[in-house]
C-alpha cells in the first residue's frame with residue numbers, strides 16, 4: 001500500500017510593486033511629465049500645475065485621494081468646459 005498524496009499549498013500571489021505616477025502630461029501644451037501635483041491634506045485640496053504653460057487646477061480631495069485622482073478631475077473639467 002502506498003502513502004496518501006499530500007496537498008500542496010498554492011504559490012503566494014505576487015503583490016503589485018509599481019507606484020502611481022505623480023507627473024502627468026499637460027492637456028493644454030501636451031508636454032510630457034510637465035504637470036506636478038501637490039496634495040494639501042490639511043486643507044483637503046489638491047493642486048496640479050504645469051511648469052511649461054503655467055496652467056493650474058485646484059480640486060477638493062479626501063483622505064483616499066491620490067495624485068492621479070486630481071489629474072483625472074482636471075481632465076474631466078477640461079472636457080466639460082469644451083462641451
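Backbone N, Cα and C define each Cβ position, glycine as well.
Copied over from Swiss-Prot, here are the features:
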BINDING   26, 29, 50, 53  Zn(2+) binding site
Relative to the Cβ position of residue 26 (Zn(2+) binding site), how many further Cβ atoms are located within 10 Å?
19
Once 26, 29, 50, 53 are set aside, which residues in the chain still have Cβ within 8 Å of the Cβ centroid of the Zn(2+) site?
27, 28, 30, 31, 34, 35, 51, 52, 54, 55
Using other CB atoms within 10 angstroms as the count, which residue among the binding-site residues 50, 53 scores least?
53
Per DSSP, three-state class assigned to residue 50 (Zn(2+) binding site):
strand
